[in-house]
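Residues or ranges marked as compositional bias 'Low complexity' in TrEMBL: 166-178. Annotation comment: TrEMBL describes Cys39-Cys100, Cys47-Cys93, Cys84-Cys122, Cys115-Cys139 as disulfide bond. According to TrEMBL, the feature domain 'FZ' maps to 34-152. According to TrEMBL, the domain 'G-protein coupled receptors family 2 profile 2' annotation covers 215-443. Annotated region 'Disordered' per TrEMBL: 163-182, 532-569, in sequence order. Positions annotated as signal peptide by TrEMBL: 1-28. What TrEMBL records for 218-239, 251-271, 306-327, 339-361, 381-408, 429-446, 485-505 is transmembrane segment.
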Amino acid sequence: CSSVGSDSPHLQMMNSLGILLFIPLATSSIFDQAAKGKCIPIDIDLCKDLPYNYTYFPNTILHNDQHTLQTHTEHFKPLMKTKCHPHIHFFICSVFAPMCPIGMPQAVTSCKSVCEQVKADCFSILDEFGIGWPEPLNCAQFPDPPELCMKPTEDEISGGFSAPRVPSKVSSSSSSKPTGCPSDLVDVDPHDPKSHCAFSCQSNVMFSTDNKRMVRSWSIWFAAANAGVAFFSFLTFAIDRKRFRFPERCVFYLSLCIFLSSLPYLSPLIIDAPIRSCHALGNGRSYLSIGTFDNSYCLASFLLNYFFSTAAALWWLMFSFTLYLSGGRKWVPEGIEACSSYVHFVAWGLSSLATIIVLIFNKVDASELTALCSVGNLNSIALLWFVIVPRIICIVIGTCFIVGGFASMCRERISFRTRGTDTSKLEKLMAKMGFFCALFILPNVIELVCQCYKFMILTQWTRMTIECKQQLGACHRPTPPQAEIYMAAVLSNLTTGLSCLVWVLSAKTVNSWKNFIFCGMCSSAPVKSPLEPSTRPLLEPPTAPPPQPPVYMQMTTNPQNAWRPSKVV
C-alpha cells in the first residue's frame, strides 16, 4: 500500500479538518445573537473577496477575535482548493465571517439549502479519510427563508462571487443606492457613480501570484536574449553602414526598435512592481495605473513598449515594400534611397501618431500579469483598435509584398537557368530572405492569436471589474483566463530579434567585426565608385559574355581599289 507524504494536500486536509471536529460551539445555534454586537471590516485573508465588506462581531460560533477566526479558516483551505462545489469558498467564509448589514447589526450567513448542496458534493472527500462533517458546518443550524440568510446566484462561476440573496427587508434600504466597488478593487472616485474600479496593487484578481512570478521570470530571460541579439544586429549595421543599403537598411532600424521595445521587460531587475505600475490615492490605497500619467515609470515603459513595437511592425512593412521595389520592380538602391524620406515618414510618423492618440484618449493602463504599462491590458476596445488591427494590417500587407517580390525572383531564377547562368547567389539570397521573414511573421501571428484570446477575455472581465460600479454591484466574474496564453503572447513578442540575427549572420559580419576590433577606426574601407552601385539592383541580370575582338579586313594593294578623295565638299 502506498504511503502519503507529509506534504500531501489530502493529508493536510485530513489534519486540518480533524482539528475542526473538536471546536466547541458557543451556542446551540449560530444565529443566537450576542447582546450588543457591531459590524466591523472583514480582516480574514481568505474572505476578503466576498461581495460584502463587513462582518458581525463577536462571531456567534467561537466568540473570538478575527485573528483566531482566520486561524480556524486556514484549516478549511485544503477543502477550498479541491473546489468540490462552486460555492465552497463563499459558504465557509459566510460561517466564519457572516455578513453584517450596516444600520442593523446582526449575523447573516448562508441558507440551509446552500449548506446541504455543499455537503452533498464535498462530504465524500472527507469520508475517504474517515472524517465526519465538521460540527461548525452542521446544516441543521442554518436557517431557511423567510429568515435572513444568503444564497449565491445560480450562474456563479469559480473565480468570483455575486451579491448574496437576502430578504427584501434587508436589501430594500440599500437597493436605491448605487453599490461601490468590490473589496479587491479600488474605487478611484467614490463620488462619481461612473468612475473606474481599478485593480488593487499586487492583488490577485485575474491571475495568481504563481502565474505572475512565472511570467515575469520567463520574460526577463527572453527580453535579455532578444535585446542582446537585436543590439548586436544594430551594431553590425553601425560599424559597416556602407555594406547595407535599401532594402537591407530597414533591418537596421528594425533591430533598433526591437532592442528598445525589449528594455521595459528588464525593469523588474531594478524597479519593484508597485513603483513601476501603481498609483497611490490620498487614503493610502494604491491601484494599477489606468488612464493616468502620474507614474513616470509607467509612462516611460508605455513609450518604449508601444511606440517602438509599433515602429518595428512598420519598419518590417517598409522592408517588404522596398524588397518588392528592388526585386519585383528592379529599382536600384539609389532610387530607393532617393525616396527614403517617405519611408522614414511612414515608419516613424504613423507610430508617433498612434502613440499620441493613445495619450490623448488616456488609454494607457498597467498589466496585472507583467506589471508593465501599455495599451489594452484592461480595455478591450483599446486592445482591438490600437494593437490588433494595426498589427494585422502590417502583417497582411507586408506578406503580400514579400510574396510579390519572391514571385519575381523565382521567375528571374528560371530565366537565368535557361540561359545557363549561375544562380547560386540568388538562391542564397532567397533562402536568407525567406528565413528572415518566417522568423518575423511566425511569432507575430502567434502573438496576434493570443491577443485575440485576450480580447475575448477582456470583453467579459472589463464589465465585471473595471466597470463594476456601473453594474450596481451585480458583478459575476467569469472564469479566470489561461495565464499560459498570456505568457505565449509576451514571449512570442520577445523572439522577433532572431530574425535580425539571421540577416547579419555571415562571414562578412565576422570580417567586419574583426576589422573593427583589431583595426578600429585607424583605416577606412576602400571607397567604391559612386557610379558602380547604380548598375547593381538587388536582382542582378546574368553576366554578359565578353565582346569579341573586331575583325579587320586585309588592305589590298590593287591601285584600282585605292582610296580616293571624296567629291563631296
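Cβ atoms here come from the backbone N, Cα and C positions, even for glycine.
Overlay of TrEMBL feature records on the structure.
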residue	record	Cβ within 10 Å
Cys39	disulfide bond	19
Cys47	disulfide bond	23
Cys84	disulfide bond	17
Cys93	disulfide bond	26
Cys100	disulfide bond	23
Cys115	disulfide bond	23
Cys122	disulfide bond	20
Cys139	disulfide bond	17
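Summarised as a single figure, the pLDDT of the domain 'FZ' (34-152) averages 77. Cα to Cα, Cys139 (disulfide bond) and Cys39 (disulfide bond) are separated by 25 Å. When the C-alpha distances from Cys93 (disulfide bond) to the disulfide-bonded residues Cys39, Cys84, Cys115 are tabulated, the minimum falls on Cys115. For the transmembrane segment (218-239), the partner stretch with the highest count of Cβ pairs under 8 angstroms, out of 306-327, 339-361, 485-505, is 485-505. When the Cα atoms are compared, Cys115 (disulfide bond) and Cys122 (disulfide bond) turn out to be 10 Å apart. A separation of roughly 14 Å, to the nearest angstrom, links the Cα atoms of Cys100 (disulfide bond) and Cys47 (disulfide bond).
For the transmembrane segment (485-505), same-chain residues at least 6 beyond its ends with a Cβ under 8 Å from one of its own Cβ atoms are 207, 214-215, 218-219, 222-223, 225-230, 232-234, 236-237, 248, 251, 254-255, 258-259, 262, 265, 309, 312, 369-370, 432, 435-437, 439-440, 443-444, 446-447, 450-451, 453-454. Rounded to the nearest whole angstrom, the C-alpha distance between Cys122 (disulfide bond) and Cys39 (disulfide bond) is 31.
Counting same-chain residues at least six beyond the ends of the transmembrane segment (339-361), those with a Cβ under 8 angstroms from any Cβ of the stretch are 246, 249-250, 253, 293, 302-303, 306-308, 310-311, 314-315, 317-318, 321-322, 375, 382, 386, 390. A Cα-Cα distance of 18 Å separates Cys84 (disulfide bond) from Cys47 (disulfide bond).
A Cα-Cα distance of 15 Å separates Cys39 (disulfide bond) from Cys47 (disulfide bond).
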